[in-house]
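Undergrad: Below is one structure. I have some questions about it.
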Amino acid sequence: MRDRISAFLEEKQGLSVNSKQSYKYDLEQFLDMVGERISETSLKIYQAQLANLKISAQKRKISACNQFLYFLYQKGEVDSFYRLELAKQAEKKTEKPEILYLDSFWQESDHPEGRLLALLILEMGLLPSEILAIKVADINLDFQVLRISKASQQRIVTIPTALLSELEPLMGQTYLFERGGKPYSRQWAFRQLESFVKEKGFPSLSAQVLREQFILRQIENKVDLYEIAKKLGLKTVLTLEKYR
């Protein structure tokens, strides 16, 4: 089973060396505990062993293991899609949301539209409704800016450099996400996003949680709350105070 770790990591081409080492360490530790035969019982034993770790460490390990378990299921190595869950008592202890380990979002996907939706929310804090309304005319790749129009208001947000290559192939369209020159519906967007996050081993992630991840990353980078509010199109910082 250990050789499957190498195969799993080989499919994660976008990961840094440090990220791969972290995955490898967590997965080897996981297999040391569950053994060669993965079952509901062995997974419960492993979860019990995690109980004394910090919440952030538990979430990291569970995330890595769930992605690995999904990989094994896809390859036919296990007969069921097993999944670890954070213990209820651990969830209650969490006072503030944690930054999730989402490097895998930058890797290739069978759901490219869902992937781009997720990245736009995660990296820019945009709402799905805002994303669906984006016209390519609102995008200036040379200056790395995007104009967001909402009701009677407009705001200009910076496009992260990493997203430029993702947007460039779509610049010949009318809308960023379209069919026959018309934008897709919110239901379509949520289905695409749902399929993508499930593929990456995060089936419970929603657009709201991804937007929260954007906020947490901004705060970790010491961005002022007023600047974050401006990026999100918020009139006040009241809803951001809880993240201090």
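Note: Cβ is positioned from N, Cα and C throughout, glycine not excepted.
Feature table excerpt (Swiss-Prot):
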| type | residues | note |
| --- | --- | --- |
| DOMAIN | 1-73 | domain 'Core-binding (CB)' |
| DOMAIN | 90-244 | domain 'Tyr recombinase' |
| ACT_SITE | LYS150 | active site |
| ACT_SITE | ARG211 | active site |
| ACT_SITE | TYR243 | active site, O-(3'-phospho-DNA)-tyrosine intermediate |
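Could you place the listed features in the three-dimensional structure?
TA: Mean pLDDT for the domain 'Tyr recombinase' (90-244) in this predicted model: 92.
There are 12 other Cβ atoms within 10 Å of the Cβ belonging to LYS150 (active site).
Reduced to three states, the DSSP call for ARG211 (active site) is helix.
DSSP assigns TYR243 (active site, O-(3'-phospho-DNA)-tyrosine intermediate) to a helix.
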Undergrad: For ARG211 (active site), just count the other CB atoms lying within 10 A of its CB, please.
TA: 17
